[in-house]
């Protein structure tokens, strides 16, 4: 009916709708204040053009190209790996600092993420990509072990000094640290600064203990001297050692990243942050729990089976 609120698209003059109704004030204001953009299918969209993803890809390519020749000892390859790593890190930092403002559409379909906060959605998206990454590493390990012979793998390629206890200790350390992250969330909800700081510090301490234990284990395996492994069990000894160090090393790198974040959050909590608002700790907890869950797959694969 004439004069009713418009539910259709606005006409070219921005004052009336195609069904004869009037355009709402919010839609008109949005249309007049929208940033310059391009039109696709009759609707205006913000430009998503950015050169940072290209630089991230280029830096990663240079870094991995350099890593492919590190074993040769060539300074050229080492330099490429270093330059590529620095370029990748710098590009990632630049991409996170790039301002991006998308105009809010008057009518837009946002389901199924309408009620999900952007930070949480971003964390889940990152974790999904990490699942693919670890899935590739674990899948490769399973493939080569089955091809070699599941039981013969452990008998022929792994030294007797590779025992279960270090992995078991690390399992308990990570499980306990995940529990402390939950306690940090509870303390933040209750606005307990002391509890939040204590739980985050405990998480950090257990994570550091995990890395120290892992480092001691690696050092011991590197320097064993037996008849079957006179030069130790290092990254280049055999396919079993390569998959072990690469996969657990990738996991250790994720633990290190988590510790950096945890240290930063501990300092912020000490200064009074997160009181009554546990969202940041929740997002960190998603990442830390994921790291814990990955280890629950790695522990039986590399220490028990």
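Backbone N, Cα and C define each Cβ position, glycine as well.
All annotation found in TrEMBL is predicted automatically rather than curated by experts.
According to TrEMBL, the protein carries these features:
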REGION    1-21  region 'Disordered'
DOMAIN    40-305  domain 'Heme-copper oxidase subunit III family profile'
TRANSMEM  51-70  transmembrane segment
TRANSMEM  124-148  transmembrane segment
TRANSMEM  168-188  transmembrane segment
TRANSMEM  195-212  transmembrane segment
TRANSMEM  244-265  transmembrane segment
TRANSMEM  286-304  transmembrane segment
What stretch, picked from 51-70, 168-188, 195-212, 244-265, 286-304, has the most CB pairs under 8 A with the transmembrane segment (124-148)? 286-304
Folded-back contacts onto the transmembrane segment (168-188), same chain, C-beta under 8 angstroms, at least six residues removed: 194-196, 198-200, 202-203, 206-207, 209-210, 213-214, 269, 274-278, 281-282, 284-285, 288-289, 291-292, 295-296, 299, 303
Overall pLDDT for the domain 'Heme-copper oxidase subunit III family profile' (40-305), taken as the rounded mean: 87
